Amino acid sequence: MPQDVDFHIPLPGRQSPDFARADAEQLAWPRSLGLINSEAAAERHLRGGYADLASRFYPHATGADLDLGVDLMSWFFLFDDLFDGPRGENPQETKQLTDAVAAALDGPLPDTAPPIAHGFADIWRRTSEGMTPAWCARSARHWRSYFDGYVDEAESRFWDTPYDSAAQYLAVRRQTIGVQPTVDLAERAGRFEVPHRVFDSAVLSAMLQIAVDVNLLLNDIASLEKEEARGEQNNMVMILRREHGWSKDRSVAHIQSEVRVRLEQYLVLESCLPQVGDIYRLDDAEREALERYRDDAVRTVIRGSYDWHRSSGRYDAEFALAAGAQGYLEELGRITH
């Protein structure tokens, strides 16, 4: 417990046939940008299994497209670790860093930008290549929401006001789990775009919210021991215990039930996609893109997350404590002068 907690995920597990190559080469990109500099940091990074995660999120991708997915996963977790210590308890410092990173969405960064920002700039440049302006605007909007969520979490820690209810927590955690940018990249990796007029439809929006919720619930179970070791109070298990007075086991069982119910709803929504195509009068190519979005983006981010969480070395207490009080081995967020 907790990585061995079982969830019934009624979706097939998949993995890119190019995983072994991508796994062997995964350190090249973060090292080239100064995001990993020491052997200790490299060893810690490899324990996370981020190439494995990307190969499950993007099983249709190979070569440079899969490499982009691996690099995004590497970046996500290097970025997230920067907020595990004092910075993540200081809203002003958090906003300073998230603003420095988000600036890459608007244009070239100054040389003084921190390494983690230059890493994101490279990811964004490669992600937006070949995608329509409408898609880039949608993805940028998702990224800004992701960054804003970190400031909200820092406010909670700064004022020592852990979330009192599951609903309050979900409203913020849905942003910082990073699922929407992850799903967006599936389109780029597969060289397709879901029809833009369908993206905000009720059915697709509900499917995506379930994907987000399942991911964050799986993550909170897997990361429970790590977060307990670090003194984190904002985890769904802890919140349910505070809100309802439940035991840890009952809180975990409730989350298992929530995931099961959400995935039952998800399958019903999936069955409505042909009718969505009819309502929006999609042509054959657009229907194919919608089916690919279901198969290669939403399904894979749900099932891939589960398979990876059960094996990743990221979520044990030793991984958390090895980095010390600041939560990371190398400072990647400092602005140079």
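Backbone N, Cα and C define each Cβ position, glycine as well.
There are 17 other CB atoms within 10 A of the CB of D80 (Mg(2+) 1 binding site), with all protein chains counted. DSSP gives D80 (Mg(2+) 1 binding site) a helix state. Under the heading Mg(2+) 1 binding site, Swiss-Prot lists D80, D84, citing similarity to another entry as support.
Annotation source Swiss-Prot lists Mg(2+) 2 binding site at D80, D84, citing similarity to another entry. All chains included, 20 other C-beta atoms sit within 10 angstroms of the C-beta of D84 (Mg(2+) 1 binding site).
Under the heading motif 'DDXXD motif', Swiss-Prot lists 80-84.
For N219, S223, E227, the entry in Swiss-Prot reads Mg(2+) 3 binding site, with the evidence type similarity to another entry.
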Cβ-centroid neighbourhood (8 Å) of the Mg(2+) 3 site, N219, S223, E227 excluded: D220, I221, A222, L224, K226, E232, N235, Y315
D84 (Mg(2+) 1 binding site) versus E227 (Mg(2+) 3 binding site) - Cα distance in angstrom: 9
Those residues of the chain, 6+ apart, with a Cβ under 8 Å from that of S223 (Mg(2+) 3 binding site): N235, R314, Y315
Between N219 (Mg(2+) 3 binding site) and D80 (Mg(2+) 1 binding site), the C-alpha gap once rounded to whole angstrom: 13
